[in-house]
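Participant: Pasting the relevant annotations from Swiss-Prot:
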ACT_SITE  Asp76  active site, nucleophile
ACT_SITE  His398  active site
ACT_SITE  Asp449  active site
ACT_SITE  Glu458  active site
CARBOHYD  Asn29  N-linked glycosylation site
CARBOHYD  Asn442  N-linked glycosylation site
REGION    433-452  region 'Disordered'
SIGNAL    1-21  signal peptide
Amino acid sequence: MGKLLVVMLIGMFLAFESLEALDYGDALNKSILFFEGQRSGKLPTNQRVKWRADSGLSDGASANVNLIGGYYDAGDNVKFVWPMSFTTTLLSWAALEYQNEITFVNQLGYLRSTIKWGTNFILRAHTSTNMLYTQVGDGNSDHSCWERPEDMDTPRTLYSISSSSPGSEAAGEAAAALAAASLVFKLVDSTYSSKLLNNAKSLFEFADKYRGSYQASCPFYCSHSGYQDELLWAAAWLYKATGEKSYLNYVISNKDWSKAINEFSWDNKFAGVQALLASEFYNGANDLEKFKTDVESFVCALMPGSSSQQIKPTPGGILFIRDSSNLQYVTTATTILFYYSKTLTKAGVGSIQCGSTQFTVSQIRNFAKSQVDYILGNNPLKMSYMVGFGTKYPTQPHHRGSSLPSIQSKPEKIDCNGGFSYYNFDTPNPNVHTGAIVGGPNSSDQYSDKRTDYSHAEPTTYINAAFIGSVAALISSS
C-alpha cells in the first residue's frame with residue numbers, strides 16, 4: 001500500500017502534462033538570456049537584449065573605487081553582492097555539472113559570459129584583503145521610485161564589510177562564487193582562473209578570521225541563518241577547486257554546524273553544502289557521512305509520500321515553501337534533487353530510505369522534473385512562469401526596465417515619480433524580458449499577472465540561476 005501511495009502521489013504531479021513536449025533547450029537559452037537584461041555597467045557590443053543600455057557608470061566613484069558592472073538583482077536598480085554571489089555560484093555549478101548538456105544546445109559560451117559578468121564585479125568589490133563592498137545603491141530611495149536603470153538618479157550609496165565591521169555570510173558566499181567559477185575557467189583561461197581562486201582563498205580567510213554576522217550591518221538581504229553555512233559552503237567549493245586537505249579538514253572539523261533543513265536559498269546554504277560533500281563521501285571521504293545523512297533528510301522533507309515530508313505541494317503539484325517569491329525555493333530544491341540523484345547513480349546506489357518509505361533515484365528525478373515542467377507550463381493554468389516561453393506567460397513582471405519604454409524608444413528622462421504612470425497601467429510591459437522567471441503562483445495555483453503584486457510577479461537572478469542547472473539536467477533525456 002505504501003508503494004502504491006507513493007506512485008499515486010507522484011503521478012499527481014504529472015497530471016497536468018501537456019500534449020506537446022517541452023523544449024528544455026529553448027528554456028535554457030532563455031534562462032541565460034535573462035541575465036543580459038539584468039546587466040549594469042557598460043554593455044558589450046554583442047549585447048542581445050536591445051531594450052537595455054549603459055547604466056551605473058559612476059558606481060563606486062564616491063569612494064574612488066570602480067564598482068561598475070554586475071547585476072541588478074531583481075526588478076529594482078540596486079546591486080546586492082551577497083545574492084549576486086549566490087547567483088554566480090549556482091551558475092558555475094550548472095556549468096560544471098551539466099557542461100555536456102549545455103554544450104549540446106550551444107549555450108556554454110553564453111553561460112560562461114554570464115558567469116564572468118558576475119565574477120568581474122565580485123573581483124572589483126573585493127578591493128583589499130579584508131574589505132568587500134556588499135551593496136551599491138540606496139534600497140529605500142530606489143524602491144520608492146520607478147525608473148529605468150539608464151535614468152536612475154537615486155543615491156548610489158555604498159555599503160561594505162571589513163575586519164572591524166564583518167559580514168562572514170557575504171564574504172563566504174563571494175569566496176564560494178569565485179572558487180566555483182575558477183573551475184569553470186580552469187581549462188579555457190588559466191590566468192583568470194588563478195585570479196579567481198586567489199581571491200576566493202583571501203575572501204574565505206577574511207570571512208573565517210573575522211567572524212561576524214552580516215545581520216549586524218546590512219540594510220537589505222539580511223542574514224537569518226547565520227554564517228556557518230556560508231563558511232562550510234566556501235570551504236567545500238575551495239576543496240573542489242584545489243583538492244587541498246586543509247579545506248576538507250575544515251568541513252570535517254565543523255561538520256556539527258550542518259543541520260537538517262528543508263530549504264536552500266540565498267540565505268541558507270546548508271543543503272548545497274550537504275549535496276556537495278555527500279558526493280565526496282561517495283568518493284571515499286568517510287568522515288563526511290553526516291552530510292550524506294543531512295542531504296537525504298532534505299530530500300525526504302520534499303518528496304511526496306515521504307513519512308518525513310515537511311513541504312507540502314499546492315493542489316497543482318508545485319512545492320510551496322513561502323508565498324513570497326516561492327519559485328526561488330522550488331528551483332533551488334530541484335537543483336539539489338537533480339544533483340543528488342546523479343550522485344547516487346554514479347555511486348551505484350539505487351534508492352534512499354525516508355522513514356518507512358523508500359524512494360528510487362528515478363522517483364527523485366521524476367519529481368524534480370515535475371517541478372521544472374510545472375514552471376514551464378504543465379500546471380492548472382497552462383501557463384509558463386518564464387517570460388517568453390510558450391504561448392502563455394507573465395506579461396506584467398514587476399521589473400522597472402521591462403515595464404518602462406526603452407531609452408531607445410523614449411530618450412527623454414522618466415523621473416522617479418514619472419515612472420509610476422507606467423507602473424499603474426494594467427497593460428503588458430513594453431519590453432519582453434525574455435527568460436525572466438517570476439515569483440510564481442500562490443498556494444492555490446493562481447497567478448494574477450499584475451506588476452503591482454511584487455511577491456508573485458518579480459523575477460530575481462537567483463531564481464533563474466538555480467533553474468539553469470535543473471533544466472540542463474533534463475536536456476539529455478528530452
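Quick reminder: no glycine exception, Cβ is built from N, Cα and C everywhere.
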Participant: Reduced to three states, what secondary structure does DSSP give Glu458 (active site)?
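Facilitator: It is coil.
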Participant: Express the distance between the Cα positions of Asn29 (N-linked glycosylation site) and Glu458 (active site) as a whole number of Å.
Facilitator: 20
Participant: Any idea what the Cα distance is from Glu458 (active site) over to His398 (active site), rounded to a whole Å?
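Facilitator: Spelling it out, the Cα of Glu458 (active site) and the Cα of His398 (active site) are 5 Å apart.
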Participant: In sequence order, which same-chain residues at least six apart have a C-beta under 8 angstroms from Asp449 (active site)?
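Facilitator: Those within reach of Asp449 (active site), by Cβ under 8 Å and sequence separation of 6 or more, are Pro394, Thr395, Gln396, Ala457.
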Participant: Tell me the Cα distance separating His398 (active site) from the residue listed as 'active site, nucleophile', rounded to the nearest angstrom.
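Facilitator: Given the Cα positions, the residue listed as 'active site, nucleophile' is 9 Å from His398 (active site).
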Participant: Per DSSP, what is the helix/strand/coil residue tally across the region 'Disordered' (433-452)?
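Facilitator: Helix, strand and coil residues of the region 'Disordered' (433-452) number 0 helix, 1 strand, 19 coil.
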Participant: Out of Asn29, Asn442, which of the glycosylation sites is least crowded by other Cβ atoms within 10 Å?
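Facilitator: Looking at the glycosylation sites Asn29, Asn442, the Cβ with the fewest others within 10 Å is that of Asn442.
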Participant: At the level of the C-alpha atoms, what whole-angstrom distance separates His398 (active site) and Asn442 (N-linked glycosylation site)?
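Facilitator: Cα-Cα, rounded: 16 Å.
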